[in-house]
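J.: This is the structure I want to talk about, given as structure tokens.
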């Protein structure tokens, strides 16, 4: 839900002051990122055929339609990765039956949409990925792992020349972009994969560029709530805060109120109980220096499907760019949105 409030009368401002700290409105849910890989990707040499000899790939589904391409999801043991894998199958893409995760699973495999996905340890990544890429030409990797693995994983994908979509937040983002640019590898990197939220971010960027300093002197309060497994500050919140800073607002990231306690999420934030394990609620409240004017922006997401669908759109976009031999290699979700590739 996106809400915006504008108060100019002193009585309205007084009411706002009596209200106290920012509160969440009743949520509107549309549909975040749980993560798994805990180790980096060091190494031992074998082909995918040998590596999975005891786990024959013959059980994999028949070849997909000609317009499709292979997609490898890291990691299918996480809720976000699983959601992306399911969305990829629904879109007619060929789900590579291998994924890397430090989490042990029964029989070393998981089942997604009647497909068996064999789980390999991250330490085998450098030795196995080249064989997988050979067996699955035109493969695109999707990364939903953990913040600590972002840079190491991207470095590995770039080293092997594998195009990828980085949905994992966190890590050193400047280094991440530099790694991709230096390697000249195709990639989509975005802290936010939800298409409608990306459109909101784009609008914020336009406002910041067109009207710098418009909110100079205003006080900003930011609250974000995600499932307890999300370790870092919301990448979306960081992006919106950056826009407000360009608009003249003074704000430090350590001022963000992160809500991870389920009880607070229920009572303070208003997250539906069934979505405590997967949601993304954000509120930004601006108050003028004399407290006579206030603005409030809010966007709430329940579940993961909005991110999964956006990630698949990003992969489809990237595949199109690769096939056309586009000179530009590094993209974000705003590029995807502008292309009109949204399904």
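Cβ from N, Cα, C; glycine included.
Got these off Swiss-Prot a minute ago, pasting:
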| type | residues | note |
| --- | --- | --- |
| ACT_SITE | 226 | active site, proton donor/acceptor |
| ACT_SITE | 230 | active site, proton donor |
| BINDING | 167, 168, 169, 190, 191, 192, 193 | NAD(+) binding site |
| BINDING | 235, 236 | (S)-2,3,4,5-tetrahydrodipicolinate binding site |
| TRANSIT | 1-14 | transit peptide |
J.: Could you measure between residue 226 (active site, proton donor/acceptor) and residue 236 ((S)-2,3,4,5-tetrahydrodipicolinate binding site) for me? Cα positions, answer in whole angstrom.
T.: 12
J.: Looking only at 167, 168, 169, 190, 191, 192, 193, the residues listed as binding NAD(+), what is the longest Cα to Cα distance in Å?
T.: 10
J.: Just the number: how many Å between the Cα atoms of residue 230 (active site, proton donor) and residue 193 (NAD(+) binding site)?
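T.: Here the two Cα atoms lie 16 Å apart.
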J.: Note down the number of other Cβ atoms within 10 Å of the Cβ of residue 235 ((S)-2,3,4,5-tetrahydrodipicolinate binding site), including every protein chain shown.
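T.: Its Cβ has 19 other Cβ atoms within 10 Å.
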J.: Just counting, how many other CB atoms are there within 10 A of the CB of residue 190 (NAD(+) binding site)?
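T.: So the number of other Cβ atoms within 10 Å of residue 190 (NAD(+) binding site) is 24.
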J.: Look up residue 226 (active site, proton donor/acceptor) in the DSSP assignment and reduce it to helix, strand or coil.
T.: strand
J.: Would you kindly give the Cα-Cα distance separating residue 236 ((S)-2,3,4,5-tetrahydrodipicolinate binding site) and residue 191 (NAD(+) binding site), rounded to the nearest Å?
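T.: That separation, Cα to Cα, works out to 6 Å.
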J.: Which residues in the same chain, at least 6 apart in sequence, have a Cβ under 8 Å from the Cβ of residue 192 (NAD(+) binding site)?
T.: 198, 201, 235, 236, 239, 333
J.: If you count the other Cβ atoms within 10 Å of each Cβ, which of the binding-site residues 168, 169, 236 comes out on top?
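T.: Highest number of other Cβ atoms within 10 Å: 168.
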J.: Within its own chain, what residues at least 6 apart in sequence put their Cβ under 8 Å from the Cβ of residue 193 (NAD(+) binding site), listed in sequence order?
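T.: Same-chain residues close to residue 193 (NAD(+) binding site) (Cβ under 8 Å, separated by 6 or more) are 167, 306, 307, 308, 310, 311, 314, 333.
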J.: Given the binding-site residues 167, 191, which one's Cβ is surrounded by the fewest other Cβ atoms within 10 Å?
T.: 191
J.: Indicate whether residue 235 ((S)-2,3,4,5-tetrahydrodipicolinate binding site) is helix, strand or coil by DSSP.
T.: helix
J.: Using DSSP and three states only, what is residue 167 (NAD(+) binding site)?
T.: coil
